[in-house]
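Enquirer: This is the structure, below, for whatever I ask next.
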Amino acid sequence: MNTIRQVPSRVKSRRSETNLGAEREHFDKQQLSSISKAINSTETPVKEKHARRIILGTHREKGAYTFWSYAIGLPLSSSTILSWKFCHVLHKVLRDGHPNSLQDCMRYYSNIAETGVLWGNLRDRHGYGQLVALYTKLLCSKLEFHTKHPDIPPNLEATDEVLERTAGTDINNVYVIFHFAVMPLCCHLNTSIAISTLTAGQCKLAPLIQVIQDCSHLYHYSVKLLFKLHACLPADTLQGHRERFHDQFHSLKTFFNKARDMQYFKRLIQIPRLPDSPPNFLRASALAEHVKPMVVIPDDEEPEEQEEDEPEPLIDVDIFDQAFGPPNNGFDDRDLQIENLKKEIELLRAELEKIKAEAQRYITQLKSQINSLEAELEEQRVQKQRALVENEQLRMELEATRSRNAEHESIQSTFVEAEKRAQATELRYNKLKEKHAELVANHAELLRKKVCISLYLDKSCVSPSFYFLLECMCLWLSQMNTSMTSLQAEKERLMRCVSEKEAELSALRQAAQVKESSLVQERERSSKELGELQGKLKEKVSREELLQKKLLEEQFALLQGTVAEAEMIIQDAVAKLDDPLHIRCTSSPDYLVSRAEATLGSIDKVQEGHAHYLKNMGDAGALLRALAQFSHLTADTIINGSATAHMAPTDHADRLTESCRGCASQSLRFLEELKSKASLKRADPASIRLMVQKILRIAQDLRPKGMDVGKDELGDMVDKEMAATSAAIEEAVRRIDVSLRTGEATSMTSQLTFQPAIRLLILSSTDLQKEIVESGRGAATVKEFYARNSRWTEGLISAAKAVGWGATQMVDSADKVVLHTGKYEELIVCSHEIAASTAQLVAASKVKADRGSKKLSSLQQASRHVNEMAANVVASTKTGQEQIEDKDTMDFSGMSLIKLKKEEMESQVKVLELETMLENERLRLGELRKKHYEIAGAPLEQLSQDNGLHAPSPTAPSSPKSSKPALMKKPALAQKPNLPPKNMVKFPLTCES
């Protein structure tokens, strides 16, 4: 019975070409259907599913070629509604389509502009003409801008770093980007003319969703770029820009408020709220108060309706009929197989659609969560920036308060010094006053004495002595007058000083009182502000603690989600261990080793991520990534371990399966510990490492023993095996020549003269091998080249050994046939073995050889010659066997009826015995080949095919990694023709009288 595996290559290629053509035809048909349903003259909004299929089509063909091939033929000049919906779909393709769609749309720039000019000069009863003109103008400006600035994507979702890099340090670039950013996208779209509850109004309002998304990004870009301009240019130069931005700000805010109140937009988009007033660009710190508006598209999607699209054909039955012929009697096993495959494909397709839908829903939820987290992160950044600004202001106010306190202390010390100086001045004033009173008293006493003296002089005679005392008195009086004059001047001077000091003291007292009152007020205000600042600080600290707590909870929630997903992955892998369908799956020990080693590496990353998360529980990113990789690799190791156990001996299979279950159990225990905060710190994947290492050791034990040869020994082994093969062939040739010279050779031995052809084959292979090594090793040595290409080297060694062994066996079998101790079948088997070994040697050499190599052509010619000679040996062997059988002619003429019946019965018994022996020998041959292929690392399917059996097609693919050919082992025997068992003919026993 033919199977799918045996379909000729030309049929497969023809079927693949037919499938590709049908797939392309189906894709074009689906795109045409979506475009015709999305862009029509019906006054209804464009359905999201039709636009989404058009967008997915651009991602599939990496461009908008198919869209424009159909859109260019639309009659845009016949209907304004058609043109309006075309602009809507084109805007969606530009925003969400493949990046190459921008270049495809630029090719039809003139068509878009002509559509706007056409409807801008006309009036229609629906009122779409001016809207189409404005929409096309917007699309043309968008195309020009993104063509000039390719770093900014068409959906305008560029980071601040990309915007800074695009603007650069050239002020002109900043002007250009700013002018595009403040384009009046929304001012000309009058939403008041549309009623959102009617389909006609929804048709006009639907494109505003893309306009709102663009406006949110353009508003953010405008603010960033205007702050950048104010940082580079004087404020007076940018007065016009600020005024224009203010107008655009109020227009955009009005537009957002009107759109937010419409019922149509409430279920489709979350429109952000702009601040009450535009940013103050004259104050650089105002940039920290700016919040980027975030537009959120809810998860609710319109339900998918049933489409009347024809399903794609799964299998072309005609191709199978052409390849294998029509079925017999209207029914064949292939029909049943095809039906089963169809059912399996339908089940897999339904499961795939379910997985895709679930993945899409999960992606949508993650996107929504990412948007909300980004909004919260942006808000936290703004709050952090505000807190930094507030801290800076508080620090400045605190410095000012400290400086005022220092000034108050200096004034207080000055006031104290003034008080001391005033007290000293008052003390000096009191002393001067006492001295003045004493001088006045002395002056009065002197005046009284003068009067007395004058009276005395008038009444009495004056004597000389009296005049002498009188002169002395006058002198004394003059001295006293002089002293009085100086004292009076000193008094006046001191009085002036006292008055000045009193005035200064009064002024100081007044200033001190004013300062004291101001300091009291300042102290009261500072204490009040300090209390308010302390309250704000406490509020900020509590808010930061709340945000930190929320961040920790979100990170832990993400960890729980990842752990739950990892548990599901590992549990799914464990479920496959007991799945009956999984028994058909097989894998190689080599692939299991690679999976186990990768799992050990992922366990190291999990430990590092776990340690990092325990140090900083606000950042679980490293642990989440490590857990995702760990779960997939662990599940892969468990599944491949179970698949490898299906091909392993019973002892190894039991230990490997038990280790896989233990690995799954330890992994689930470790993941369970990560779920709880109490057990999070003591979670340790060390037990998982031990189980994976155990799986790795078992897989290494299951590797073919021929792989134990070191890579550094391969170079020496190549030369050694080639030399041994050449020596074996030379010995075979020598033995044949000796037989021919001594006359001992028969006609059968003379047919073995194709040994020189084998020698030529080995010589050509050796030359080609040297050419391959010299052309491919580069600066490396020959041994390094063989070590680097160990798989190819081992295959070459195995093929060379097989050729030498086959040549030796051929001569030995021929000698036995000549001496009548051997069988002709041995020659046939040896011929097949040499042909198969030759093909293996050519294939191994052809892998690394250049296609145009002359030595490769010589090797292929020698291989064909060897195959021809082997065919001649088989043919001559069968001829000789037939001649021998013909000599023994059966003569039953002298036998009676009873004797013939007896001989017939004995013959039937012998036939049964031979058939039993044949079946037993075939079973023995199958077991031998199975053991051979197990040692050589060959897949089970090849073994089944060599035994003439058909292995069941597995439901899951086996390991893609090919096995290495074995070293130092006898090559596989050539495939024996598959002979059907003979049907035993039963004859009834009859007696004749």
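Yeah, the Cβs are placed from backbone N, Cα and C, and that goes for glycine too.
Curation plays no part in TrEMBL annotations; they are all automatic predictions.
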Enquirer: Tell me which range among 1-24, 145-168, 529-552 TrEMBL lists as region 'Disordered'.
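Expert: That would be 1-24, per the region 'Disordered' entry in TrEMBL.
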Enquirer: For the record in TrEMBL, which of the ranges 260-287, 484-511, 708-735 is the coiled coil one?
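Expert: When 260-287, 484-511, 708-735 are checked in TrEMBL, coiled coil belongs to 484-511.
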Enquirer: Which one of 44-80, 636-672, 747-783, 895-931 shows up in TrEMBL as coiled coil?
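Expert: TrEMBL lists coiled coil for residues 895-931.
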Enquirer: For the coiled coil (484-511), could you work out the same-chain residues 6 or more beyond its ends whose Cβ comes under 8 Å from its Cβ atoms?
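Expert: Hits for the coiled coil (484-511): 411, 414-415, 418, 421-422, 425, 428-429, 432, 435-436, 439, 443.
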Enquirer: Of the residues in the domain 'ENTH' (23-153), how many are helix, strand and coil by DSSP?
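Expert: Its residues divide into 94 helix, 0 strand, 37 coil.
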